[in-house]
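Database features (TrEMBL):
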type	residues	note
DOMAIN	B:4-399	domain 'CstA N-terminal'
DOMAIN	B:434-561	domain 'CstA N-terminal'
REGION	B:610-629	region 'Disordered'
TRANSMEM	B:6-28	transmembrane segment
TRANSMEM	B:88-111	transmembrane segment
TRANSMEM	B:132-158	transmembrane segment
TRANSMEM	B:189-208	transmembrane segment
TRANSMEM	B:303-321	transmembrane segment
TRANSMEM	B:341-362	transmembrane segment
TRANSMEM	B:382-404	transmembrane segment
TRANSMEM	B:449-469	transmembrane segment
TRANSMEM	B:490-507	transmembrane segment
TRANSMEM	B:513-537	transmembrane segment
TRANSMEM	B:544-563	transmembrane segment
TRANSMEM	B:575-597	transmembrane segment
Amino acid sequence: MPSETKPVPQVSIILIRETAEQMSGSGCCGRVAGDPCLTGSRDAFQEVRNQQEAFGILHRAVVEFFADQQQRGELTIVTVDPRNQPYLIPKLVKDVWQYRPGWGKGLCSTLQFFSLPAVIVNGRILSRRGRLLDPDALCHAVNEILTASKAQSLRREYS
Amino acid sequence: MATNAVLISLCSFAVLILAYFTYGRFLARRIFRLDPNRPTPAHTKQDGVDYVPTKIPVLFGHHFASIAGLGPILGPAIAVIWGWGPAVLWVVCGCIFMGAVHDLGALTVSLRYQGRSIGDVCSDLIGHRARFLFLLIIFFLMSLAMGAFVNAISALFVKFHPGAIIPSFGLMLVAMCIGIAVYRLRVGLGPATVVGLIAFGGLIYWGVQQPLPTYQWFASDATQQLLTESRNAGADVDHGSIAAAQVLQESGHESAAADLTAAATTASRTWIYVLLGYGFVASVLPVWLLLQPRDYINSFQLYLALALLVAGLAVAASTGSDFNVIDAAMIRDDPQMGAPPMVPFLFVTIACGAVSGFHSLVSSGTTVRQLDRETDALPIGFGAMLTEGALAILVIMSCVAGLGSQAWEAGGAYASWGGIGKGGLGVQLDAVIHGGANFLSEVGVSERFGQAFLAVTIVAFAMTTLDSATRLLRFNVEEIFRSIKLEPLANRYFASLIAVGGIALFAQPQGAALWVLFGTTNQLLAGLTLLTVSLFLFKLRRPIIYTLIPMGMMLVMTAWAMAIQLDGFYKDKQWLLFGVSVVVVLMTTWLVIEAILSFCRGRGGLSIAHDDEDPHDDQSEVVSATHLG
């Protein structure tokens with residue numbers, strides 16, 4: 001039986017933002033911010049929460065507009081807390097290696113020359129100085145990549 | 001024959017891994033019946049905010065960082081007084097049959113309740129009184145934990161590691177600079193992190209070179225003069241008040257040594273007030289300024305400390321170093337030691353690291369909303385708990401092998417319970433720091449630098465927790481007042497006062513008794529969660545023995561330990577601890593009654609998605625089995 005290789009998604013989106021529930025130092029005995037029963041649904045970390053919600057808009061926009069592509073595995077989207085460096089660093093290196101955004105841009109991504117929160121698409125930093133990205137701009141950028149990729153595969157097919 | 005620390009660690013890790021692939025899979029397939037095809041709340045409620053389908057490596061990182069902290073360090077460090085054998089055995093068996101079952105159970109129940117928190121679910125399954133009990137347990141749990149942390153930090157600063165003071169407070173300034181740079185000036189995260197970590201290293205170096213013996217500030221002029229003379233003569237009196245008092249005693253200045261010990265007690269109390277004040281001030285500062293960036297640095301410290309400890313242990317094994325040899329006895333049951341009986345106290349002393357009720361809050365509050373597939377609950381819930389068990393094993397090895405044989409001899413840290421129990425919680429942390437630094441020295445980190453690094457890491461964890469816990473405890477107090485219809489008392493100022501007062505009350509030097517109380521309350525929460533999970537399984541007509549036995553054991557151990565403690569506190573006239581113990585006993589009794597009532601009510605009233613009631617057909621069992629390997 002031929003072995004099936006997992007296709008490389010055409011678009012890889014990394015949303016880097018903090019999670020309010022993740023903040024409390026020594027884990028175990030402090031991270032109760034996620035339990036509305038304890039906190040009466042109040043947010044101890046309001047600013048982070050606002051950012052989370054703003055990123056939710058980006059997430060929903062991508063999921064909504066590119067549902068088919070996501071289903072087919074052509075697009076992946078991942079939300080990471082910057083504290084999770086053991087995952088984030090290899091993921092950034094992998095994306096830069098896979099999508100080759102260019103030396104400068106690749107280096108900026110892997111060395112994390114972005115401020116929080118950040119949006120990285122195919123190894124390229126899309127957000128500017130921690131300013132929140134417009135959902136339209138993100139969808140537009142993703143669409144461009146998908147269209148270019150489609151055109152390329154068509155060219156390859158006919159040549 | 002000398003016992004090999006690496007061998008014991010590797011055997012323990014192997015058993016934990018084996019348990020994951022056998023017992024873990026069995027529970028996931030046959031008891032909780034995790035189904036990869038059933039949509040999780042992360043998909044059905046996907047909003048990109050709380051409900052986000054997340055890959056296993058990402059979620060594992062988030063979940064593990066949320067459950068591993070100071071808890072699995074302090075408990076095992078105290079419990080090795082009964083020998084390394086019982087501690088290792090309880091961590092391994094407790095983790096597999098109780099802790100991991102508890103975490104996986106909480107995650108699964110919350111999954112079927114569409115991501116609702118365990119507090120919410122238990123009030124649904126058990127009744128409204130259970131929610132109040134839940135809130136009450138959390139209040140005691142957080143106050144006791146924070147009291148223990150404040151107590152331990154002050155002991156570390158005064159009695160053992162004055163070299164950690166400058167880096168610990170310097171780290172706050174570094175964190176604030178990172179906060180301003182990253183969140184306000186929008187400097188890149190990578191460069192800010194690199195600069196921050198270099199500054200952190202520099203601060204540790206500074207602290208090592210210039211310890212701050214604050215105990216000296218409270219000593220008489222004559223004692224200060226003697227200390228200066230000893231220091232000029234080359235005596236090592238910068239290691240803390242205990243070492244300094246020993247130097248004075250050995251040189252025949254007994255009255256000066258007594259004066260220094262009294263000064264150290266005053267200094268410890270002063271630090272407790274300073275730290276409480278810090279907790280209050282830090283809890284009202286904007287989070288981006290201190291909490292957020294320091295917590296970010298904490299994550300690096302946790303991973304770095306873990307990596308260095310593992311590397312140190314591996315090098316010690318390969319080079320045949322002395323630190324690979326376990327110096328402690330396998331079982332210590334010497335009545336002269338003055339320790340409380342191993343059973344039941346071992347089971348409440350090691351809470352985090354074996355089974356911790358706190359994990360249910362993380363599993364159900366946050367993690368569950370990000371599970372991509374139901375079957376991911378196995379690596380996340382069960383796997384992360386086993387990983388925490390591995391961390392506890394490393395801590396045990398740091399104490400029993402890394403610390404050297406003198407710790408177990410007369411006058412050593414573990415010679416008697418009086419030494420570790422009543423000398424404040426800093427003694428145990430000091431044992432971990434010393435033992436851990438010895439492992440670190442195997443990979444080329446100087447002993448003093450390693451000690452300072454571990455001390456500052458532990459202090460940073462504790463201080464960040466203190467900051468956030470003070471914030472959250474206020475909400476908890478407000479909720480308690482609302483639950484008992486005392487709305488006027490549920491205002492932020494009164495609630496803040498109660499929150500800080502609660503921590504202050506327990507922050508007085510109480511030694512290991514305070515930790516045992518914390519462990520007991522934590523196990524009680526675990527019991528409540530296991531009751532909720534058992535009821536859930538009972539209503540679905542599934543076997544409940546796998547959750548009911550751990551629940552029963554938690555309750556029996558809790559009640560037993562409390563009964564013994566109560567007697568001791570009464571005889572010693574420790575009225576605060578006596579009062580808290582009475583409350584814990586009452587809460588345990590309450591929980592037992594609720595459990596009996598819940599089971600008597602029968603199987604009705606399950607308000608989860610109805611499809612769960614249908615037994616899985618063979619096909620879906622096969623699919624689940626395939627996904628679980």
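Note: Cβ is positioned from N, Cα and C throughout, glycine not excepted.
Remember, TrEMBL labels are computer predictions, not curated facts.
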Selected stretch (most C-beta pairs under 8 A with the transmembrane segment (B:6-28)) from B:88-111, B:303-321, B:382-404, B:490-507, B:513-537: B:382-404
Counts of helix, strand and coil residues, the domain 'CstA N-terminal' (B:434-561), according to DSSP: 108 helix, 0 strand, 20 coil
Maximum Cβ pairs under 8 Å to the transmembrane segment (B:449-469) - stretch from the list B:132-158, B:341-362, B:544-563, B:575-597: B:132-158
Across the domain 'CstA N-terminal' (B:4-399), average pLDDT on the 0 to 100 scale: 87
Close approaches to the transmembrane segment (B:382-404) from elsewhere in its chain (Cβ under 8 angstroms; 6 or more beyond its ends): 5, 8-9, 12-13, 16-17, 19-20, 24, 27-28, 60, 63-64, 67-68, 72-73, 75-77, 80, 84, 87-88, 91-92, 94-96, 99-104, 306, 309-310, 313, 316, 322-328, 350, 352-354, 359, 413-414, 431-432, 434-439
Spatial neighbours of the transmembrane segment (B:132-158) far in sequence, C-beta under 8 Å, 6+ residues away: 70-71, 74, 119, 122-123, 164-165, 168, 214-215, 240-241, 264, 267-269, 271-272, 275-276, 279, 357-358, 361, 423-430, 433, 455, 458-459, 462-463, 465-466, 469-470, 472-473, 476-477, 479-480, 483-484, 499, 502-510, 514-515, 517-518, 521-522, 524-525, 528, 580, 583-584, 587, 590-591, 594
